[in-house]
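Only one structure is covered here, and it is reproduced in the block below.
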Amino acid sequence: MSLNRFLFTSFSFFLFFIVHFASSATLPTQEGEAFKVVLTTLKKTNIDLNVDPCEVSSTGNEWSTISRNLKRENLQGSLPKELVGLPLLQEIDLSRNYLNGSIPPEWGVLPLVNIWLLGNRLTGPIPKEFGNITTLTSLVLEANQLSGELPLELGNLPNIQQMILSSNNFNGEIPSTFAKLTTLRDFRVSDNQLSGTIPDFIQKWTKLERLFIQASGLVGPIPIAIASLVELKDLRISDLNGPESPFPQLRNIKKMETLILRNCNLTGDLPDYLGKITSFKFLDLSFNKLSGAIPNTYINLRDGGYIYFTGNMLNGSVPDWMVNKGYKIDLSYNNFSVDPTNAVCKYNNVLSCMRNYQCPKTFNALHINCGGDEMSINGTIYESDKYDRLESWYESRNGWFSNNVGVFVDDKHVPERVTIESNSSELNVVDFGLYTQARISAISLTYYALCLENGNYNVNLHFAEIMFNGNNNYQSLGRRFFDIYIQRKLEVKDFNIAKEAKDVGNVVIKTFPVEIKDGKLEIRLYWAGRGTTVIPKERVYGPLISAISVDSSVNPSPRNGMSTGTLHTLVVILSIFIVFLVFGTLWKKGYLRSKSQMEKDFKSLELMIASFSLRQIKIATNNFDSANRIGEGGFGPVYKGKLFDGTIIAVKQLSTGSKQGNREFLNEIGMISALHHPNLVKLYGCCVEGGQLLLVYEFVENNSLARALFGPQETQLRLDWPTRRKICIGVARGLAYLHEESRLKIVHRDIKATNVLLDKQLNPKISDFGLAKLDEEDSTHISTRIAGTFGYMAPEYAMRGHLTDKADVYSFGIVALEIVHGRSNKIERSKNNTFYLIDWVEVLREKNNLLELVDPRLGSEYNREEAMTMIQIAIMCTSSEPCERPSMSEVVKMLEGKKMVEVEKLEEASVHRETKRLENMNTMKKYYEMIGQEISTSMSMIMSDRSESSADH
């Protein structure tokens, strides 16, 4: 079916074109040609213009929609002015691509309703012609490189409701013509270079619900006119330069959920009436000059969300209701009168509590692996900084503390507490252990050293940008800025890690000389509202640091009267002797002799991972002792080991009889070395030496999900419902990364419960990429070698070798059912009688009782709504038609509750119904009737045991 059969209504994240004809549904040739030019300009050349039935819906002779997903498509062209050849165009959504150039002014003649261009490389001004688009309701240009003044003509938009211009380089004042935008509900200009004050005319925007003016360049004070915006739910103003001013009048704004007035030079007391706005979910008044006591009315906020009064001049006592709230309340940098032995000191971050701190001893150095485990780097021990994310105040055993203020807030007012991030870029570092994880903060991150010897020091702050990637896609477009304070003095304004280091994944070390006079050192990193907040995803911003090293800057004096020249001579002679000794030893052991072709091939890969010697691996595994053998991987046995620095590792050893062979081993190394995600097993390095082919992974403490759910009784873990849901979401995130976010588009091909490992905190990590296949160019191809596990394999792959990422989606659906059910997918009643969990799901669908699938071991201790959602998603994922399965990014959104499960698609999800499957379903009914009695008896015994145990206590 050709392109000329269809009409288009909008060109968007989904390109939608809707048109109504009385008797025909043919696209005029002129518009068809225009559409082809559009795709060429966007450099989107791989769209099949023959319409897939999954993408078009029609009624009789009237074609209603055609959709083409162009969001996150890594488009690298420019914006096509040829869209004017599609006169019925209503929507443009090219968000999160890599498009460059300017915005075509020609678009001003189109009847557009929505323009979404978030997250690209667009430059130049906003076309003044946009003021002619009277139909426009939404203009989203956030996270680009647009510049110039805001056009006066934008004030002529009578229907505009959403104008998001944050994270650009706009300058000048907000035009007075904007006073006419009385339909606005959402206005954002954060992270720009605007000038002037916040205009009084905003009082006319009486329908406004969201107003974001963070680090915009505008100066204070906050105008009195803001009191008229009674519909406000989300007000964020921060880093507002200008004179001191009293707290703005917000008494009549009673729907407020998020209020951020951070670093706005506010003075005076905290207003009593704020305590009467019970809709608050997030209240941040930090880094102002507010004084006085906390009003009694604020007790009404005790069951609310988050309160940050950091960095003011508040005094008096801390109310009892604010004690023991953990990271949800921060009162640091104030003047409260507190007994150092009071619980407030431990739970509310009141700095006065450190005045009477007793040092265990004095130190002449400080080394911290921020966000990571303890490790040794060139003989120097970097202390662990991996405390619980729910704590905002951490006390080490060696005289240093850290304070992490804030939670990340998205558009939905949903706060998220994240304090550690793992690497998702390609690291180009030597001491990679210091940079694979980092400490992050949403507002302010402070380290205090209280027990240093007095003297001169060099404070070295180690940074590497690990949350953006360096590829030519939207994930490389993020910009992180924060300020660096040393001893409460601003040393660096708007520090940008990637820019300083010349790229993401590179290391930059900032050194600051400091004289310590009272044994105390303070390092503070502060987010001043600058930078993107939605790239590569929402809530990515704020300070990030990998490590801290503080060393004395004074060289030790020569002893015993030895001159400096003599000392240097001895050092040179000793160094030469050591070099010859090491060279001879290595030659004797064969390390410097000619290497095999395999080793040469490995060296040519130039991978960004560690290369281990065979001797290191043998020592770590006790010469591959069978006692350290922990399993069988895709290549051969897997051993547990311990490196010299104490790091526990898992070593995958290629068996000599492996069918996959050396070539695929090297391919796996090349592939895995480019992948970094919290839900993928981390590759530390490899060894290609002496005929041995070894991969060195992080050791994952709790083995596989399969063993935890339905392995031998002694290996099973009691996984409660929140943990199961967390595991399911983690696996989905890992697959979404493989399919859509990594530089290489990868299909795993063997997703199953045994290939999902659980770490100490029961976070899931996808393992065994030995069967993975790169999905580089074609979205669909025929696999020359079927690889996977029956029962988890998608039907189109198992029967026809038809491989796409939707095969992994199918396998994920099976794993999700296992997580809910707590039993293996494959059930063998006899040698010739095998059936699968998906058959039982169909039985329960017929009975309209899907919740019967939930693991009976959970009893009633699970969230019914979440369980139903997970089952429904699994059903959609296991549809027999690949095009009916959702993408993994859609699965993540549905699991996290950010997107509703579409009932229509759920009903459309088809399942094979061959005679054999119907027989299996009948067998399933009988089987579950039988085990139902066993489970009932078992649960009764468990409940009885619990009752007896409770009675004993």
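Glycine is treated like the rest: Cβ placed from N, Cα and C.
The topological domain 'Extracellular' feature in Swiss-Prot is assigned to 23-566. In the predicted model, residues of the topological domain 'Extracellular' (23-566) average a pLDDT of 83.
The repeat 'LRR 1' feature in Swiss-Prot is assigned to 63-86.
Per Swiss-Prot, the feature repeat 'LRR 2' maps to 88-110.
For 111-132, the entry in Swiss-Prot reads repeat 'LRR 3'.
Proximity of distant same-chain residues to the repeat 'LRR 4' (135-158), defined by a Cβ-Cβ separation under 8 Å and at least 6 residues beyond the stretch ends, is recorded for 90, 95, 103, 111-129, 164-181, 183, 188, 477-478, 532, 534-535. Annotation comment: Swiss-Prot describes 135-158 as repeat 'LRR 4'.
Secondary structure of the repeat 'LRR 5' (159-182) per DSSP, as helix, strand and coil residue counts: 5 helix, 7 strand, 12 coil. What Swiss-Prot lists as repeat 'LRR 5' is 159-182.
Proximity of distant same-chain residues to the repeat 'LRR 6' (183-205), defined by a Cβ-Cβ separation under 8 Å and at least 6 residues beyond the stretch ends, is recorded for 142, 158-174, 176, 211-229, 236-237, 242, 529-533. Feature annotation from Swiss-Prot assigns repeat 'LRR 6' to 183-205.
As annotated by Swiss-Prot, topological domain 'Cytoplasmic' applies to 588-953, with the evidence given as sequence analysis.
Feature annotation from Swiss-Prot assigns domain 'Protein kinase' to 624-901.
If you draw a 10 Å sphere around the CB of V638 (ATP binding site), it holds 21 other CB atoms from the protein chains shown. Positions annotated as ATP binding site by Swiss-Prot, on the basis of sequence analysis: I630, G631, E632, G633, G634, F635, G636, P637, V638, K652.
Summarising the annotation, Swiss-Prot assigns phosphotyrosine to Y697 (among others). Under DSSP, Y697 (phosphotyrosine) is assigned to a strand (E or B) in the three-state scheme.
The feature active site, proton acceptor is assigned by Swiss-Prot to D750, with sequence analysis given as support. Under the DSSP three-state reduction, D750 (active site, proton acceptor) is assigned to coil, being neither helix nor strand.
Among the features that Swiss-Prot reports, phosphoserine is placed at S783.
What Swiss-Prot records for Y797 (among others) is phosphotyrosine. For the recorded site, Y797 (phosphotyrosine), the DSSP three-state label reads helix. Residue density at Y797 (phosphotyrosine): 24 other Cβ atoms are found within 10 A of its Cβ, drawing on all protein chains shown.
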Alpha-carbon spacing, I630 (ATP binding site) to Y797 (phosphotyrosine), which is rounded to whole Å: 31
Cα separation, Y697 (phosphotyrosine) to G636 (ATP binding site) (Å, whole number): 14
Helix, strand and coil counts within the repeat 'LRR 4' (135-158) (DSSP): 5 helix, 8 strand, 11 coil
Lowest local Cβ density among E632, D750, which the record lists as recorded positions, within 10 Å: E632
The repeat 'LRR 3' (111-132) - residue tally per DSSP class, helix then strand then coil: 5 helix, 5 strand, 12 coil
Closest of E632, V638, D750, Y797 to Y697 (phosphotyrosine), Cα positions, recorded positions only: V638
Distance, D750 (active site, proton acceptor) to E632 (ATP binding site) (CA atoms, angstrom): 15
